[in-house]
Amino acid sequence: MDGETAGEKGSLVPPPGALGGSALGGAPAPGVRREPKKYAVTDDYQLSKQVLGLGVNGKVLECYHRRSGQKCALKLLYDSPKARQEVDHHWQASGGPHIVRILDVYENMHHGKRCLLIVMECMEGGELFSRIQERGDQAFTEREAAEIMRDIGTAIQFLHSRNIAHRDVKPENLLYTSKEKDAVLKLTDFGFAKETTQNALQTPCYTPYYVAPEVLGPEKYDKSCDMWSLGVIMYILLCGFPPFYSNTGQAISPGMKRRIRLGQYSFPNPEWLDVSEDAKQLIRLLLKTDPTERLTIMQFMNHPWINQSMVVPQTPLYTARVLQEDKDHWDDVKEEMTSALATMRVDYDQVKIKDLKTSNNRLLNKRRKKQAGSSSASQGCNNQ
């Protein structure tokens with residue numbers, strides 16, 4: 001670990017007029033708003049240069065609580081109304097089921113600028129898809145996918161019950177607490193979250209591969225955005241590739257927007273051949289293009305595939321093998337999405353829609369060519 005130098009420690013100082021205080025505050029009860037601590041975060045935490053991740057509004061660093069030695073994650077946000085909103089929404093959700101906990105928040109000066117520092121529990125188990133990729137030959141089953149979706153749904157249910165829309169539910173924001181088998185999956189990064197009771201959600205900010213159709217145009221949107229994202233994540237969990245693709249190398253192409261708007265996707269074989277009809281039906285209900293027809297979170301949680309996950313078939317899926325084979329591509333996709341997160345403010349009325357006849361799922365075509373060249377490819381599922 002790289003400890004902070006005296007210079008680094010000195011760069012994170014209390015704002016003018018701030019008073020000292022004590023150590024690790026622990027997570028507040030869900031929904032409780034607290035004021036940031038005004039003394040230096042380095043009084044309580046030893047900072048590292050190790051970057052754990054990049055959020056929508058700031059990077060996340062490794063840190064250690066000085067008294068307990070507890071390893072934590074520190075997110076630095078330069079103070080702004082947007083940053084305050086992120087802290088507020090995450091604080092309201094912190095302590096909820098399957099949501100990353102906030103331990104402390106500080107208001108300090110960094111390089112002469114006021115900033116907010118969010119200390120969170122460290123999610124040492126890594127991202128959802130990385131964990132599945134690393135399984136090797138161990139089969140990933142439909143029942144496991146159902147259990148994962150139930151956990152994600154539990155987090156969304158908690159947020160929606162408090163009239164918070166997350167608006168950026170995606171695999172990269174779903175992290176495990178540890179590498180252990182009993183690790184808990186949790187949702188993080190509230191950089192795009194908004195309260196749905198104050199005003200209609202009209203800001204076109206999102207990660208393109210998991211965006212609901214109504215976000216792609218001037219229509220208002222709400223919690224149903226999160227339900228659409230659940231459908232996309234569920235689709236990927238069950239086969240290893242997303243239902244919608246950009247064919248141009250852009251983060252989001254006109255053709256991809258068109259397919260999302262029209263709800264154009266399929267369940268191609270062999271990856272979907274043995275997946276249950278219940279699972280496919282649930283995906284169809286989540287990917288409805290009309291938000292008023294899409295399932296609510298309560299309906300999702302009450303669907304048999306979710307609330308009776310113990311009777312979901314333990315069918316081996318292609319998911320782990322597909323994710324492993326396309327690992328380099330998935331890293332590229334994630335980079336595209338990360339770079340697009342804060343900048344996607346598109347005037348969709350000005351975009352020329354690409355002819356669907358010229359649109360192909362290039363990743364799926366690539367997989368099919370590989371399968372055609374190997375007579376054993378169609379048996380891959382049985383060898384996981």
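Every residue gets a Cβ built from N, Cα and C, even glycine.
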In Swiss-Prot, the phosphothreonine annotation, restricted to Thr203, Thr207, falls on Thr203
Swiss-Prot feature region 'Autoinhibitory helix', matched against 50-86, 124-160, 161-197, 309-345, maps to 309-345
State the count of C-beta atoms found within 10 angstroms of the C-beta of Asp168 (active site, proton acceptor), not counting that atom itself. 26
